[in-house]
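*Asks:* Copying in the features that Swiss-Prot gives for the protein in this structure:
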TRANSMEM  36-56  transmembrane segment
COMPBIAS  362-372  compositional bias 'Low complexity'
BINDING   590-717  nucleoside 3',5'-cyclic phosphate 3 binding site
MOTIF     975-979  motif 'GXSXG'
ACT_SITE  Ser977  active site, nucleophile
ACT_SITE  Asp1097  active site, proton acceptor
COMPBIAS  1389-1420  compositional bias 'Basic and acidic residues'
COMPBIAS  1452-1483  compositional bias 'Basic and acidic residues'
Amino acid sequence: MDVLELLRVSGSNMYYSTFLADAWCYYISNQITMTMYLYCALGVLSMLFIGWFVYFKRLARLRLRHEIARSLSAVTMASGGDLRGPRFRKRDKMLFYGRRMLRKMKNVSGQMYSSGKGYKRRAVIRFARRILQLRRENMPLEVRTVEPPAEYLEETMEGSDRVPPDALYMLQSIRIFGHFEKPIFLRLCKHTQLLELMGGDYLFKITDPDDSVYIVQSGMINVYISNADGSTLSLKTVRKGESVTSLLSFIDVLSGNPSYYKTVTAKAIEKSVVIRLPMAAFQEVFKDSPDVMIRVIQVIMIRLQRVLFTALRNYLGLNAELVQNHMRFKGSSQGAGPSVYCSQTTRQATGSASATASAAAASGTAGSTHTAVPRPASSLSRYSQDEQHTLSDPNPGIPNLELSGDSVNTLFGEVNGGARLNSYPPLYHQRESDGNLSTRRGSITQQEQPEVGPVPSIDMRLVKSSAVDSLRKELGLPEQDAHIIDPFVEVREMEPNVTLITEGNADDVCVWFVMTGTLAVYQGNADATRIKQDKTDLLIHYVHPGEIVGGLAMLTGEASAYTIRSRNHSRVAFIRRAAIYQIMRQRPRIVLDLGNGVVRRLSPLVRQCDYALDWIFLESGRALYRQDESSDSTYIVLSGRMRSVITHPGGKKEIVGEYGKGDLVGIVEMITETSRTTTVMAVRDSELAKLPEGLFNAIKLRYPIVVTKLISFLSHRFLGSMQTRTTTGAPGAPVEANPVTHKYSTVALVPITDDVPLTPFTYELYHSLCAIGPVLRLTSDLARKQLGMNIFDASNEYRLTSWLAQQEDRNIITLYQCDNALSPWTQRCMRQADVVLIVGLGDHSHLVGKFEREIDRLALRTQKELVLLYPETASSKPANTLSWLNARPWVTKHHHVLCVKRIFTRKSQYRINDLYSRVLLSEPNMHSDFSRLARWLTGNSIGLVLGGGGARGAAHIGMLKAIQEAGIPIDMVGGVSIGALMGALWCSERNITTVTQKAREWSKKMTKWFLQLLDLTYPITSMFSGREFNKTIHETFGDVNIEDLWIPYFTLTTDITASCHRIHTNGSLWRYVRSSMSLSGYMPPLCDPKDGHLLLDGGYVNNLPGHLWRYCRASMSIAGVFPPFCDYRDGHLLLDGCYTNNVPADVMHNLGAAHIIAIDVGSQDDTDLTNYGDDLSGWWLLYKKWNPFTAPVKVPDLPDIQSRLAYVSCVRQLEEVKNSDYCEYIRPPIDKYKTLAFGSFDEIRDVGYVFGKNYFEGMAKAGRLGRFNQWFSKEPPKRGNHASLNEYTFIDLAQIVCRLPETYGLNPSDLFSEDEDCDGYISEPTTLNTDVRRYQVPRGGNSLSLSETEMDMDSDVEMDLKMERKMDKATQSTPPLQSKAQILRRKHSKEEARHEWEIKREQKQELAREQELERERELSQKGTTAGATGYTPNAVIATQTSLIFMDEEDEMDKKKTKDNDRDEVRGSAEDKGKEKEEDKENRSNTNNETKNYL
């Protein structure tokens, strides 16, 4: 509200323009100073007189007592006796006089409340209470403010004292290679050596063999890099407990290729002790445990992709610099060039007749890599058009090589007549649009080429034979093992610009070998330092004939990290992923050859970075670095969550921020070379990549583009910090006001009691999250079915953590549904969770159970949020939330969720899955509480900020209606002054009709002038006492707390006790709304009961920001109009929040809102003032004012100056909000309405509605409304984005190769258990049926929440199903009822049958292999073998066909068995249901007969 406008009430306002009011204000303004001094003098004289009187009375009484005591002592001495009688003790006096007073009060109260008597006495007492304010209010219940435990802000200092330091350091260093069992670790320890180095001694030098892992036990080692000019540059400093090793050199040593240091040197800075572990020790271990070797290779490849590539590509902008771009020649050690294919196949096809052409082709390709093989002139025109679409190289560092792929394609692809072989089904897909790719800048120049005769026909069998031979060499297999890969090799012919595989696709992962032509490898422009990502792909490198690609994705088991396209006409040979894994079972060593192929392709830069980059694993509570330590490195969070805590000089700790997956930690301190300003610790188990400062300097010198990336990153970070200036300096700032990122990757769901419907709740939340992005729901059953029943054992720690990390990487958020007991899965969920949602029933008891306390003990540092569920009934509203929060001081935030009827329906687990299989196919309701919770978890919340402006705040109601019609959800609400009132109404009701009705009634009460006159008081602090104003707000809200509102709400007030603004997110609603409306001069500040601080209108500092009405009243405490409101918590005086921030959008942004709509209805000051010079005369102003013939001047008067001074902070905050990118600032045209024009409520509301409707329609046409009402994707998400768990399974190569116990997938029969026969909720988590993919398909429909009609439809469907089943039972024989024990026995027999079926299947496969080998031997003896493989195509086809038929028969038998079991279980369940229905009907009939008899 505006003080100046209140002092300038126009004559048009009929309620305040009376003569009596004007005379009263004029008299008070002139006489207030004299009256104040007079009363002060009278008060001082009165105090002096009273003090003098009391002093002399006290002195006289003391003299009298002294005389009496002296007389008694004289008498006692004379008589020699004791004259003391019975003593009247003080306690007895208090009891005596207390009883007398109570008897009198009882008589008085009896007279007052007797019928028709004591009326005058009651009136006098009521008048006295009103004047003297003797009324006593019961203070409301408030949230107990409990400091978080010490573990929440402190690191864990517990050390591993039982482990020797050298063993501990070694264990931590080799952890990068994966998990080792204890016997293997002890065998590795036997090979360790201790090296003692003095300062300046070399640990290793250039040309030394790179065959060891070095671990620093004490001292410091400096690792240098040597440049070409002979200069050296420090790469990193290795301290105690750290290691020096290279993962790429480790693969070289295992592959048998000796590696030497070429540019890296290590020297001791001081006296040091280093542990040396030879890599040959691993070879000895791997001979006995091949599964360990394969697992180590897989871990190294995963670390290479997640650490090296993530750091260098996403944060330093290096893409093509990571791969060597060279062409392999004929003399290469692995594979052969295209000339070899030409000469070999030509000789085999035509013998000596075509030797001349073959030799010419061979000499043409071997002589120069840039010379094309001659081709017929007729084909030039054909290829010239295709070559125009060949992609150019956007990176000038990569040579644009013109290869002979097209001519070789002519030799292989075009036979007599020019027909191409297209007999194979296409694996690839042609791109529909190549608009994101740049076309070639220049055409190919046609050179003079000699004519060549006709090319002879080529047999595709020989082409495949050549491909098999080349792939065999690439995989490191001997010649006699060619038959192993022959059945799996496929050959395809590619047109130009054909996509073989796309980035992020896990379905078509293959090992590609280029026979002719060229493949181009691209990667998306994923720059972590940019806000808007480019959709263009970056060219990484070319794959030339004789080279292989795809080994990295094959070894990691993850999706492809690149997009591969054909650059021109090409022929490729490939082996699919499943085939590679089958080959690995027979020849595990191909894992090393694939890994070696990946390593050979990397550039020297990657090898140098491999020495500097470190992979760090931090357990929960461990510190990454501490405050005031030196900053020599930065860190990238790969997985987990980190918390930054600052320690103030007084010892108090405060949260500065939290970091999630993909965040960069400590970059500013490292670049500015300052010490660490905070302590960063792990909230949960986390993986990080460490980038030392020396590596940054080395890369900056070689690639200046890195500097640009760092500047861009720092600029965006500083810009974001400026726009999200924190408000933690205020005493009332909540924990959420800290700049903590409210975006979580993993969420654990924990039920408070067994009757909580956790599975339906998880499904509903999963349904809403699917509209935002890819999400995954994990349960204990699903983990066991995917990874085995023993997956939670300690020996399977690596498999479980790797699988969970893979799922988290592929989804924006992962839901961990915990068990109802403290099981290993529940403990794992606590270790993996970024936030824990504690789910309870709002209408049940708030007591804390033992299980919940154990959860708090397991996750001390993890943020916990309370979710209370309420049924969808007309009378259900949140209540008693304070009791829930006080019983759980560890909860940082709470959510009220209104649930549809289907969540509380008591159904079996099978029926719940069946119900949500249909629900998940529909669109979620974006206005539901589940969608609001989903947006909060993913950091996409939408906030609404309502500013102050007096009666102009009626426009907020119209804007709310327009927002609702525009389809914009509201997740958070904040308000100041009148905005606090309107926002609180919306959060309480969420119905625009009810909100409008209550706001209109309150506005009518504000127009009753006689009530305002009765509220006038002597204007020492304010003009009004605020009693009637408090009454109107209290009647509007009642005794409601802010915690009981449906939508998260806050109001902002001005604390004049602490001289700052305060944010209120809990407490009495009406009081803080009242204090936010306490405009200075009109209403006294509200005294905060918490600390006694005086609170004024929050608009004085920020005009856009317990029992509910108290804080609403505090937010409306206009200074001078109403007295400041005293906070019932601390006693601070609160005034209107408009003095500090009239539109607190910045506060809303700090509380977690990503998109904000700010509505400002405040008055605008006139800035067009008159320049009157250096001095100003009041007489001159008076002359200008009264002279009608002079030009008017605009000079602010005293009240105007005071008002402008009060709103200085508010105006500054408002300008920052207008210029921010996260806020949509809206100001309706309501300037013509005065601050106190409450009688024009409907008119102002209509103005706001019409303006808001037109405004949002304009935003929709401009395409700017999507970020508010279209938070889910318009297009159906692709299969890769919403893939099911079966599509993204963790590939454990060790399990595949070494034939470890296999796990079972999701079978339909596994979804049926004995729990289905029970009534009520089955809290044990489970999964959907087999077709999980269709539940993640985009929804089709309008709403998630089912209406009554939809619920009836569901019930009708269920009734139809029941009738169909009854009809089936009527025609068929009803199976007998089965007990639970029988079901358990049948389940056990099913498992045995499945085991027997698998044994038979393996026996059939072994028999087929034996028959195949016998057939091969027979064919070899007859001399009818083809090529070097000893294998006929017909035999291969026959063998494969027999295997396929056997598999189909097995699958049919298995499916038939499962269908029978499912029918039996369903039949038993239906029979039980029928029996229960019959019993229920019999009981009801018996009751009716009894009633009739009575």
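In case you wondered, yes, glycine gets a Cβ from its N, Cα and C as well.
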*Asks:* Can you tell me whether DSSP puts Ser686 (nucleoside 3',5'-cyclic phosphate 3 binding site) in helix, strand or coil?
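*Replies:* The three-state answer is strand.
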*Asks:* List the Cα distance (Å, whole number) between Met670 (nucleoside 3',5'-cyclic phosphate 3 binding site) and Ser977 (active site, nucleophile).
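*Replies:* Rounded to a whole number, the Cα-Cα distance is 45 Å.
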*Asks:* Which sequence positions outside the transmembrane segment (36-56), separated from its termini by at least 6 residues, show Cβ-Cβ distances below 8 Å to it?
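*Replies:* Apart from its flanks, the transmembrane segment (36-56) reaches 1020.
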*Asks:* With DSSP as the yardstick, break the motif 'GXSXG' (975-979) down into helix, strand and coil residue counts.
*Replies:* 2 helix, 1 strand, 2 coil
*Asks:* Between Glu654 (nucleoside 3',5'-cyclic phosphate 3 binding site) and Ser977 (active site, nucleophile), find the distance joining the two CA atoms and give it rounded to the nearest Å.
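*Replies:* Glu654 (nucleoside 3',5'-cyclic phosphate 3 binding site) and Ser977 (active site, nucleophile) have their Cα atoms 30 Å apart.
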*Asks:* Specify the count of other C-beta atoms within 10 Å of the C-beta of Ser977 (active site, nucleophile).
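*Replies:* Excluding its own Cβ, Ser977 (active site, nucleophile) sees 40 Cβ atoms within 10 Å.
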*Asks:* Just to verify a number: CA distance, Ser686 (nucleoside 3',5'-cyclic phosphate 3 binding site) to Ser977 (active site, nucleophile), in angstrom, no decimals.
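*Replies:* If we compare the Cα positions of Ser686 (nucleoside 3',5'-cyclic phosphate 3 binding site) and Ser977 (active site, nucleophile), the gap is 45 Å.
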*Asks:* Quick one: Cα separation, Arg702 (nucleoside 3',5'-cyclic phosphate 3 binding site) versus Ser977 (active site, nucleophile), in Å?
*Replies:* 58
*Asks:* Rounded to an integer, what is the Cα-Cα distance in Å between Val606 (nucleoside 3',5'-cyclic phosphate 3 binding site) and the residue listed as 'active site, nucleophile'?
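*Replies:* Distance (Cα to Cα, whole Å): 60 Å.
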*Asks:* How big is the gap, in Å, between the Cα of Leu638 (nucleoside 3',5'-cyclic phosphate 3 binding site) and that of the residue listed as 'active site, nucleophile', rounded to a whole number?
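*Replies:* Counting only the Cα atoms, the answer is 45 Å.
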*Asks:* By a simple count, how many Cβ atoms lie within 10 Å of the Cβ of Ile590 (nucleoside 3',5'-cyclic phosphate 3 binding site), its own Cβ left out?
*Replies:* 24
*Asks:* Whole-number Å distance between the CA of Arg622 (nucleoside 3',5'-cyclic phosphate 3 binding site) and the CA of Ser977 (active site, nucleophile)?
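*Replies:* Here the two Cα atoms lie 46 Å apart.
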*Asks:* Over all shown protein chains, what is the count of other CB atoms within 10 A of the CB belonging to Glu654 (nucleoside 3',5'-cyclic phosphate 3 binding site)?
*Replies:* 14
*Asks:* Taking the Cβ of Met670 (nucleoside 3',5'-cyclic phosphate 3 binding site) as the centre, count every other Cβ atom within 10 Å, in any protein chain shown.
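*Replies:* By my count, 21.
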*Asks:* In terms of DSSP three-state secondary structure, what is the assignment for Arg622 (nucleoside 3',5'-cyclic phosphate 3 binding site)?
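*Replies:* In three-state terms, Arg622 (nucleoside 3',5'-cyclic phosphate 3 binding site) counts as coil.
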